[in-house]
Amino acid sequence: MARAITPRQKWTFTLVAWGIGLLIFFPILWTILTSFKTEAQAIADPPVFFAFDWTTENYTTVQERSNYFHHFMNSVIIALGSTLIGLAIAIPAAWSMAFQPARRTKDILMWMLSTKMLPPVGVLVPIYLIFRDVGLLDTRIGLVIVMTLINLPIIIWMLFTYFREIPVDILEAARMDGATLREEIIYILTPMAVPGIASTLLLNVILAWNEAFWTINLTADDAAPLTAFIASYSSPEGLFYAKLSAASTMAIAPILIIGWFSQKQLVRGLTFGAVK
Amino acid sequence: MRFIKSLAGAAASATLLAAPMTLAETITIATVNNGDMIRMQGLTAEFNALHPDIEVNWVTLEENVLRQRVTTDVATQGGQYDVMTIGTYEVPIWAAQGWLVALDDLPADYDIDDLLPSIRDGLTVDGKLYAAPFYGESSMVMYRTDLFEAAGLEMPAAPSWDFINEAARKLTDKDGEIYGICLRGKAGWGENIAFLTATANSYGARWFDEEWKPQFDSDAWKQTLTMYIDLMQEAGPPGSASNGFNENLALFQTGKCAMWIDATVAASFVTNPKDSQVADKVGFALAPDNGLGKRGNWLWAWSLGIPAGTDSEEAAKKFVAWATSKAYLELVADKEGWANVPPGTRASLYANPEYQKVPFAQMTLDSISSADPKNPTVDPVPYVGVQFVAIPEFQGIATAIGQQFSAALAGQITAEQALQNAQVLAEREMRRAGYPK
C-alpha cells in the first residue's frame, strides 16, 4: 500500500532535496563563475555572484598557454581504454565468481579489495622503477595499464553484485539449449546485465578521468591528461584563481556533460537489484 | 627475399624521414606556475631564435606536486626531465647525492661572479655551482603608507620586533576589518615554518645545536612563538591559522592588512594597480630584528638544475645559461618592463639605473644581502639554510611541527605544549635518522 504524502510534506522534501543538491553543486558553480571574472574580482571581499564584468580572457590565456586538446585526448584514451580493458577482464571474472563460486571466492574478492587499502604513494617508487625500465614512463599505454589495474577490483565488485541478482535458472536454460560458455556470457548474461555494465562503465570512466596521483606522477608531457593540465595552473605564489577556474572548468566540462546525459542509466545501474 | 628487400626499403625511408627530426634535440623543463616562470615559458621563441636546433617542452606544476614529481624522477634517474626548477633547499641535498650536473663550464659571458653572493652560496657545494638562480627572494615588511600616516606612525627602514608589535596593535581596527598585521599561519615547511624559523633566527633561536640536538625547549623559541601568537590574536585577521602566502596576498591587496611580512616577490603583485586596490599606498622595510644581529628574513632562490644522467646535457646547459643570463633580464625588461624582470640574482641588475627606479628594488637587494644561509643564526649551527635545514629529514619533521604551531595559533593547544610536542617529535625523528652523524 502506498504511503500517503501530504502536499506540504511533498513541498518540504522537494525543497530539502533542491537545497542539498545546490549545496553539493555550489563549488562547481562557483568555479564556473570565477572562470569568467578578472583575477581581482576572483578574490573580491565580499564575493560577487553575478554582478561582475563577464570576461572570457581567462579562457583565451589558458588556450594560448596550453594545448588543451592534447591533454583532452590523453584523458579520453586513458579513461576509455582502461575501462574497456577492465570490463573485458572483469565480466568473465565476475561471471565465475557469481555463478561458479569456489570455496575461496569470498576471500579472493576481499583480497582484491584489499589492494585498494594501501596508499598509492607506498608503491610509487617500485612502479616508477618498473615503468622506467620497460620504457612506459610518460606513455598512454603505461597509464592505461595502471588505471586498468587500479580500477579492476571496483569493476569486478560492481559486476559481481549485479550478476548475483540475475537468476541462475536463465543461464541454465541457455545451457540446456546448447549454449557454449562464450555464448552464455555474450548473448544471455551481458544483455541482461546491461544497466549494471553501463553504470560500471560510466563510474569507471569518471574515476579514471579524475584520477590525479598516477596520472601526474607517471607522466611528463606526451601522455599528460587533463589532471596535469589543471595542476599546471595552481600556484603557491600568486593569485591566479580565475585562470585556475577556467582550466578546471575546461577539464571537468566533458565529464560533467556525460554525467548529466547518462545520470538516468547511472542511477538505475547503481540501484539495480535494490528494489527487487 | 622480396620481403626482406621491401623491409630494408621501408627502414631506409624511415631513416630518411627521421633524419630531419634527429637534428632537433628536445629538452623537457619542469617548472612551477609562478609569474616569472610563465613569462620565461612565453619567451621560448626567443631562445629558439638563438638555438633553432633545440626544441623545448614545458611541464608546469604546482610547487608541492612539482617537488614530489621531480624528486621521484631524479632519485630513480627516470630521465623524464632535462631541466628542473628547484630551490635552495634541494640543491645542497641533491648535489651531495650526485643527482645534479655541476655547472662549472658555463660560457665566459655568463659572468658567474655577477651572481649575488648569498644566493650563489646557497647553490654551491664544495666550491661548485649546481644550479643557476632564476629568481631570488627574501622576505620583508610591506606596509600601508596611508594607514601609517593616519595613525601618526613612521616605519623605520630597519624596524625592530618591538616596533612591529606596537604598530600592529595600534593600527588594528577589527570593526572596520583592518588588521594590524597579516602573517602566515598555514601549516607546512614552506608556509608557517618558513616564517617562524626566520623569525626565530632573529630571536636567537635555532633548530639544532652543533650536536644536532633539537632546541625547541629553549627560551628563545618560547619567546618567538609566544610573541607570534599574542600578536596574531590581538592584531591578526580571523582564521589566520589557515592563511598562507596567497590568502595573505588577497587580504593585503583588498586593503585588510596594515602590514604583511612575506616574500619580496609579493612586492610586484601588491604594487600592480590591475590586481591590487592599494597599489599606490605600499611602503617597504627590512624584516624586523631583535637587536641580536640577525634579521627575521629568509632566503630562497628558484633555480634551474640539470639532473645527472640526462641525455641532453649540452642542450640543457644552453637553456639554463640563457634563462639565467644578463641578456635574459634585458629581454624581459624590453618586452614587459623592468618591474617584471626576475629579481634577486645578479648584482648588475641592481646597478642598472633603470632598475633602481623600481620602488621595491633596493629593499629586495638589501633583504637578500642581509640573509646568510651558511651562518643563519646567532649561535652556531651545523646546517645550511635560513628558513630551512638542508637535510632530507627536514621536510617531514618541519611539516609535523608546522601543524603543532598552527594548532597553537588556532588556540587548540598552548605555545608551551606546541614547543614540547615539537621537541619530542624532532628528537624522535632525528634519533631514527641516526643523528648526530
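Cβ atoms here come from the backbone N, Cα and C positions, even for glycine.
For A:72-262, the entry in TrEMBL reads domain 'ABC transmembrane type-1'.
Per TrEMBL, transmembrane segment is recorded for A:12-33 (among others).
Annotation source TrEMBL lists transmembrane segment at A:76-96 (among others).
The transmembrane segment feature in TrEMBL is assigned to A:108-131 (among others). Beyond its flanks by at least six residues, the transmembrane segment (A:108-131) meets 97, 137, 142, 146, 150, 152-154, 156-157, 160, 213-214, 217-218 of its own chain at Cβ-Cβ distances under 8 Å.
Taken from TrEMBL, the feature transmembrane segment applies to A:143-164 (among others).
Under the heading transmembrane segment, TrEMBL lists A:185-209 (among others).
Long-range contacts of the transmembrane segment (A:240-261) within the same chain: residues 28, 31-32, 34-35, 37-39, 41-43, 58-59, 61-62, 66, 68, 71-72, 75, 202, 205-206, 209-210, 226-227, 229-230, 232-234, each at least 6 residues beyond the stretch ends and with a Cβ under 8 Å from a Cβ of the stretch. Feature annotation from TrEMBL assigns transmembrane segment to A:240-261 (among others).
With a threshold of 8 Å between CB atoms, the same-chain residues lying at least 6 positions outside the transmembrane segment (A:185-209) that come near it are 75, 78-80, 82-83, 86-87, 90-92, 95, 147, 151, 154-155, 158-159, 162-163, 166, 170-171, 174, 179, 225-226, 254-255, 258-259, 262, 265-266, 268-270, 272. Distant neighbours of the transmembrane segment (A:143-164): 74, 77-79, 81-83, 85-87, 89-91, 93-95, 97-99, 109, 112-113, 115-116, 120, 127, 136, 189, 193, 195-197, 199-200, 203-204, 207-208, 211, 214-215, 218-219, 223, 225, 269, 272-273; these residues of the same chain sit at least 6 beyond its ends, with a Cβ under 8 Å from one of its Cβ atoms.
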